[in-house]
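Here is what TrEMBL says about this protein:
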TRANSMEM  42-67  transmembrane segment
DOMAIN    44-456  domain 'Major facilitator superfamily (MFS) profile'
TRANSMEM  79-98  transmembrane segment
TRANSMEM  110-129  transmembrane segment
TRANSMEM  135-155  transmembrane segment
TRANSMEM  167-188  transmembrane segment
TRANSMEM  194-218  transmembrane segment
TRANSMEM  278-298  transmembrane segment
TRANSMEM  313-333  transmembrane segment
TRANSMEM  345-378  transmembrane segment
TRANSMEM  432-454  transmembrane segment
Amino acid sequence: MSGSVSYEARPGAPLPHHDARDASLLNASGQLAPAGWTVMRAIIIMLCFGVNMVDGVDVLMISYVAPTLSKSLGLSAEQLGIVFSAGLAGMALGGLLIAPLSDKTGRRPLIIFSVALMSVCMIASGYATSLVELAVLRLGVGAGIGAALAGIATLAAEYAPPKHHDFAVAMLQGGYPIAATITGFIVAPLIHTWSWNILLIGAGLFSASALLPLIFFLPESMAFLAQRQPRNALQRIRTIERRLHLPETETLPEPVPLDRTNAGVGGLFREGRMVRTLLLWTSIVCGFMTLYFIISWIPKLAVEAGLDISDSIYAGALYNIGAFVGCATIGIIAMRLTLHRTIMLYLLIAAVALSIFGSITMSVMQVLAVAFVIGIFLQGGFNGHYPLAAGLYPVKVRATGMGWAMGVGRVGAVIGPFLGGTLLQHHVRLSIIFQIYAVPLLICVGCVYAMSVLQRSADRRV
């Protein structure tokens, strides 16, 4: 490869094989890049990790203050459910409607806008005086989160070293469980002395504190700049290349008019991606269904399994610690087993652990250990879908693909906790409930296996 080769064969055409990885190998002129980590690459991934932590704080803070908030505003349990649902609906809208804009405007502005949106809405939530105000603001927070999640996964996929691509994209999702654990320890001693208003405003200010590092240090995607060629694209690419220690690009290829038939949402179903897109969506819906059931109900479920209330809190904390371990390890193991096989392995183990949880009599330590194992393999296996989605789509529709996959998946996030609550209300045995929620994970395994078969077939045709 020499300087005469463009970043892609032509703007708008995918590179051979997975261009999520190949893009990390080249600068905008097609010259080979260093395959390892640089300070710049590490900063980009850490910034994306930080945004995921911000998302986690904003999502979890509302649940921590829910008891005092509902009492202060006079909200019933049903009305509080509307507030929670508004946040989930916002995440879906952010993924479906806002995230795809970054394929036109760029990754950097989308991420900064999304963090600003969630920060403003979170701060304003502290001043809400009615159900309507709170629900609208939670919708805004959710929209920012949904768009930001797609944006950071997309940017991480385009800057991670090719060998550590899956590790980096999965690892940044570990910001959420880390935020869950830290936020819980911080809020627990304050919840009885500080008002819910102050805690929500504090969470919003924490989110806003991420804006300056993002503005000063987060670069635009070189792949996006090379393809779309906005004003000063070449100068911006050269600046990034210097920071990445890459050979500087001399000229950019001639821009090719945007192929609208293969752009946007329609592009997710063309060029042989239709079946894999539908399989990905199905897998993410099923994964979200079980994941959000566990996240929402694990303290209650731990009590049902025989723990007292204080120990049930430790079960939730151990789940989140396990979730971080899962996010950190799935990419490492995928370097040896392939990503598809690793996701299948993790989710199979998670399904077995779910079936064990509640089906046999266990000591407190055994229940806590199983909660930790579920955290590792459920969260790790689910988060493997982020690099899986990033590797499926070319640059021109990658953010759209990520946003729609996670947006559609929110259907499962709504169904999972609701169905779980219904089953508990009807006194269904705990062992049966967990076996029911192991089934979606087996469906995920089947979908990922089918995707791997189709991917190998596509690779042979290249």
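Cβ from N, Cα, C; glycine included.
A quick note: this is a predicted structure, and the numbers were derived from the prediction, not measured.
Against the transmembrane segment (42-67), the recorded stretches 79-98, 135-155, 194-218, 345-378 differ in Cβ pairs under 8 Å, and the greatest number is found for 194-218.
Looking only at the domain 'Major facilitator superfamily (MFS) profile' (44-456), the predicted model's pLDDT averages out at 87. The stretches the transmembrane segment (135-155) and the transmembrane segment (432-454) are not in mutual contact, being linked by fewer than three Cβ pairs under 8 Å (pairs 6 or more apart in sequence).
The stretch from 110-129, 167-188, 432-454 with the most CB pairs below 8 A to the transmembrane segment (194-218) is 110-129. Panel annotation: around the transmembrane segment (110-129), residues 51, 54-55, 58, 61-62, 73, 94, 98-99, 101-102, 137-138, 140-141, 143-145, 147-148, 151-152, 155, 196-201, 203-205, 207-208, 210-211, 214-215, 218, 399 of the same chain, lying at least six beyond its termini, place a Cβ under 8 Å from a Cβ of the stretch.
Sequence-distant contacts of the transmembrane segment (432-454) (same chain, at least 6 residues past either end, Cβ-Cβ under 8 Å): 275-276, 279-280, 282-283, 286-287, 289-290, 293-294, 301, 338, 340-341, 343-344, 347-348, 350-352, 354-355, 357-359, 378, 381-382, 388, 392, 412, 416, 420, 423-424.
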